[in-house]
Amino acid sequence: MNLKPPTSKVELRIKCHKILDKDTLSKSDPRASVYEKDRAGQFRLIGKTETIQNQLNPEFKTPIVIDYRFEEIQVLKFEIHDVDKNDEDFIGDASCTLTSILSKPGQTVCLQLLTKSGKHAGSMTVIAEEIKNTLQTIKFNLIGKKFDKKDLFGAGCDPYLIISRKVPSTNTFVKIYESQVQKGTLNPVFSGIEMKLEELCGGDMQREIKFEFYDWDRIGKHDYIGEFHTNAQELLQPNQAFNVINSHKQEKKSGYKNSGTVSVSDAVIEREYNFLEYIMGGCQMNLIVGIDCTASNGDSNDPNSLHYKNAQGLNQYANAICSVGNVIVPYTTTPLIPVYGFGGIMPGQSEVSHCFPMTLNASNTLCCGVNGVLDCYYDNISKIQLHGPTYFAPLINMAARYASQGQSQSNQKYTILMIITDGEILDADNTIDAIVKSSGLPLSIIIVGVGNANFTNMNILDGDDAALQSGGVRAERDIVQFVAMRDYLNRPNELAAEVLREIPTQFLSFMKKYKFRPNPPPPPPPVIIGAPPQYDNPTTTTTATSPSTGIDLNKGSNVGLNLTKTESSPSPSGGAGIDLNKGSVVDITKGVSNVSLEKN
């Protein structure tokens, strides 16, 4: 049964007090995770906050957004973990209903955190607020001058900024933003501050906002410099400047003026577009599938193999192909899907290849629809000599060449590479380098882990906690999502939802960076008088064939197209250069020149 649209969206902000210290030589590095109980009684992850270093009283700036449904009892579980580089230690958890938060004065609850043995592990305060979505983003810069000197040595100050907004019902403030530290300056510049208008002020232009400035210290408590209060409407006024006031100094010194000044520059509100607007405007989504052909999967003829074709149901590879493919393919203008293998030896070859066509035909990498991908996989996996090792970089570089073709305002495309694998990668450095270099392209990478292997390194590739770096260069955007199939066995809909959860955010980050706007929705096709009706869910089977190739588009089959290089015009298929009237496509593995994406 489909869920009703949410009554509204609610933002949860979390802070903790005196949590257990799990670290021996320092303090815990806490992170909060929030889960909601689904209709099957299982807790489903809604979101995570950032990790705060060395803090037993963390106030998380990352909000957790949840759909509020009036007609349901929504049970929430809050977990706090101490997050180290390669491990997470459970600190404590607490549960309550969303209604219990919303019905409290100030929409605020205080919960006791408990360990797994039921012992006290600290406390947690949760504040809820309804989100009024205006689809607007506010941007501004802050320029500080003559801040108070706080350090005896050096330049005298290492300032950073905290922005908080007022909660009217409780007359308190919640932290929404924290800047990087500006090292060694009394004249800090906080540039490129950007957030949704709802996040800054809840959509209320008169909502009070607090700007606090602190001097960062390596050891001990950070020193308070001062603060000023304003609202979004004032921020947008030209030539705004504020005194940074330290109330303690103001009370003690009769001639006190300020602890510095801050002026506002380039404050603007920009319209924010949503994912659906781009899709409705004709943006082409493309899927590329990569299949692990390493020996660790087991001989495909062995019933214990991950590649075994089981008459009783789909194996995990086929399950991933169907779950994700059936969601993405409806957004494509053609059903053609490139499919590649890696870590195997093709028939007639002696060398391992880390990016080869699963069709086993170098001039034809395309399959028609999800069924065509399945047919190709089942027909050819037994013909490939499973080998190894597991390398991702060649496959990612191929997808990057594919994604780099023909992007423009009028011809928008976005590529999703789905890699299905059973084990750890052995070219981590090269893979990270390929991901970093691809992070500026219209590309997302989904990694689905099958089987019971240790997938620790995969979580490193998923840059949720920290941006990937290679050779001193940071990734422009997070483009990787990893999901372990074993967590979603027999739940294909939930698998697809989790695998694709980050795609809209990754998609929008690219479009926003390069200032691509949604195109107007194309007009509906003309109605031809006397023509038979066209259904999106036909109940009878008809045979549709391509006029040039004779392909039965209702059957899962490989597309018999020749590959030739075309330079004249980009194609609606997202870089494959497909001309269905001529039956030719670009060979995306050879000689493709990159397109420079310039910010307009």
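Quick reminder: no glycine exception, Cβ is built from N, Cα and C everywhere.
As annotated by Swiss-Prot, domain 'C2 1' applies to 1-111, with the evidence given as sequence analysis.
Of all the Cβ atoms in the protein chains shown, 13 others lie within 10 Å of the Cβ of D84 (Ca(2+) 1 binding site). The feature Ca(2+) 1 binding site is assigned by Swiss-Prot to D23, D29, D82, D84.
For D23, D82, D84, D89, the entry in Swiss-Prot reads Ca(2+) 2 binding site.
The DSSP breakdown of the domain 'C2 2' (116-246), given as helix, strand and coil counts, is 9 helix, 64 strand, 58 coil. Taken from Swiss-Prot, the feature domain 'C2 2' applies to 116-246.
Marked as Ca(2+) 4 binding site by Swiss-Prot on the basis of sequence analysis: D151, D215, D217, D223.
Under the heading domain 'VWFA', Swiss-Prot lists 286-503.
As annotated by Swiss-Prot, compositional bias 'Low complexity' applies to 535-549.
What Swiss-Prot records for 535-583 is region 'Disordered'.
What Swiss-Prot lists as compositional bias 'Polar residues' is 555-572.
What surrounds the Ca(2+) 1 site, by Cβ distance within 8 Å of the Cβ centroid and not counting D23, D29, D82, D84, is the set K22, S26, K27, S28, P30, V83, D89 from the same chain. The Cα atom of D223 (Ca(2+) 4 binding site) lies nearest to that of D29, taking the binding-site residues D23, D29, D82, D84, D89 as the candidates. DSSP assigns D82 (Ca(2+) 1 binding site) to a strand segment in the three-state reduction. Within the group of binding-site residues (D23, D82, D89, D217), the Cβ with the highest number of other Cβ atoms inside 10 Å belongs to D82. Annotated pair D23 (Ca(2+) 1 binding site) and D89 (Ca(2+) 2 binding site), C-alpha to C-alpha distance, rounded: 9 Å. Rounded to a whole number, the C-alpha distance linking D217 (Ca(2+) 4 binding site) with D29 (Ca(2+) 1 binding site) is 18 angstrom.
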